[in-house]
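*Asks:* What Swiss-Prot records for this protein is below:
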- 116-225: region 'Disordered' (REGION)
- 131-149: compositional bias 'Basic residues' (COMPBIAS)
- 160-178: compositional bias 'Low complexity' (COMPBIAS)
- 234: site 'Histone H3K4me3 binding' (SITE)
- 235, 237, 259, 262: Zn(2+) 1 binding site (BINDING)
- 245: site 'Histone H3K4me3 binding' (SITE)
- 248, 253, 275, 278: Zn(2+) 2 binding site (BINDING)
- 249: site 'Histone H3K4me3 binding' (SITE)
- 257: site 'Histone H3K4me3 binding' (SITE)
């Protein structure tokens, strides 16, 4: 129920209250006047009774008893008027108290509804933040997998190119060695035919062997994959998103997302979580 409906219902209940209070106050005033009139009459009768009672032989026994009964009746009337006035005052008090209790109950009910709505809104807000955190973590994992896959493909391509280069170098080296060996054998046969000269052993150039061996056995180191300069950075380490991350529940947090390891977490904590900077700022307040 909205506050406007509460107010409207309460004003409807108060609409007849002034009329009832006015009627009760008028009756109380009339009863008070009657009681005061009775008390004045009692004073007058009492003075007259005491005056005649003081005179010797001025009042008979029957007259004295009659005057006493009259004074007693006046006292009864005054008491009746006073009792009616007290009852009417109690009734008026209960009438006002009823409206006050009704207002208190309506206010308590209205406050309960406000707190319930606030709790519901807070729960929905936390659920939205949690969903954003899970989505951010999922996107971070997907981005990390894509980067690893791209890096692996690039390393594989460079490895294949290096292998092809090494194979070409080895083939060239082997071909050179074969041709030189053939020349050596031809020269040796010629020397033998000419007069039995000693055979020459033709050695392959050591520098060529060393260069071929180095090219075949020491491929170039794989370079690190370059980082996209346009990718946003997070956390206290100012690095890109990777692995498990947690979001700060302070909506004004300048960093917003943090790596678990950088803030000393292994699992997501229950309830709200604030980063170290926001925690210090909250303590200062």
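Any Cβ shown, glycine's included, is placed from N, Cα and C.
Since the structure is predicted, the reported quantities are computational estimates derived from the model, not experimental observations.
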*Asks:* Between the Cα atoms of residue 237 (Zn(2+) 1 binding site) and residue 257 (site 'Histone H3K4me3 binding'), what distance do you get, rounded to the nearest Å?
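*Replies:* Their Cα atoms are separated by 11 Å.
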*Asks:* Sequence order is fine: just name those recorded positions in 234, 259, 262 with a Cα within 10 angstroms of residue 248 (Zn(2+) 2 binding site).
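*Replies:* Cα filter at 10 Å returns nothing.
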*Asks:* Please report how many Å separate the Cα atom of residue 257 (site 'Histone H3K4me3 binding') from that of residue 278 (Zn(2+) 2 binding site), as a whole number.
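*Replies:* One finds 12 Å between the Cα atoms of these residues.
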*Asks:* How many whole Å apart are the CA atoms of residue 235 (Zn(2+) 1 binding site) and residue 253 (Zn(2+) 2 binding site)?
*Replies:* 11
*Asks:* Run through 253, 259, 275, 278 for me and report the binding-site residues whose CA is within 10 Å of the CA of residue 245 (site 'Histone H3K4me3 binding'), in sequence order.
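*Replies:* Near residue 245 (site 'Histone H3K4me3 binding'), where near means Cα within 10 Å, the binding-site residues are 259.
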*Asks:* Let me check the 10 A CB neighbour count of residue 259 (Zn(2+) 1 binding site). How many other CB atoms are there?
*Replies:* 19
*Asks:* May I ask you to report the DSSP-based helix, strand or coil state of residue 262 (Zn(2+) 1 binding site)?
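*Replies:* Once the DSSP labels are grouped into three classes, residue 262 (Zn(2+) 1 binding site) ends up as helix.
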*Asks:* According to DSSP, which of helix, strand or coil covers residue 245 (site 'Histone H3K4me3 binding')?
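*Replies:* In the DSSP reduction, residue 245 (site 'Histone H3K4me3 binding') maps to strand.
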*Asks:* I want to verify one value. Collapsing DSSP to three states, which class is residue 278 (Zn(2+) 2 binding site)?
*Replies:* helix
*Asks:* If you measure from the Cα of residue 262 (Zn(2+) 1 binding site), which of the recorded positions 234, 249, 278 is the nearest?
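*Replies:* The smallest Cα gap between residue 262 (Zn(2+) 1 binding site) and any of the recorded positions is with 234.
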*Asks:* What is the total of other Cβ atoms whose distance to the Cβ of residue 275 (Zn(2+) 2 binding site) is within 10 Å?
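*Replies:* Result for residue 275 (Zn(2+) 2 binding site): 23 neighbouring Cβ atoms inside 10 Å.
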*Asks:* Rounded to a whole angstrom, what is the C-alpha distance between residue 249 (site 'Histone H3K4me3 binding') and residue 234 (site 'Histone H3K4me3 binding')?
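*Replies:* With distance taken Cα to Cα, residue 234 (site 'Histone H3K4me3 binding') is 15 Å from residue 249 (site 'Histone H3K4me3 binding').
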*Asks:* May I ask for the distance between residue 234 (site 'Histone H3K4me3 binding') and residue 278 (Zn(2+) 2 binding site), taken between their Cα atoms and rounded to an integer number of Å?
*Replies:* 15
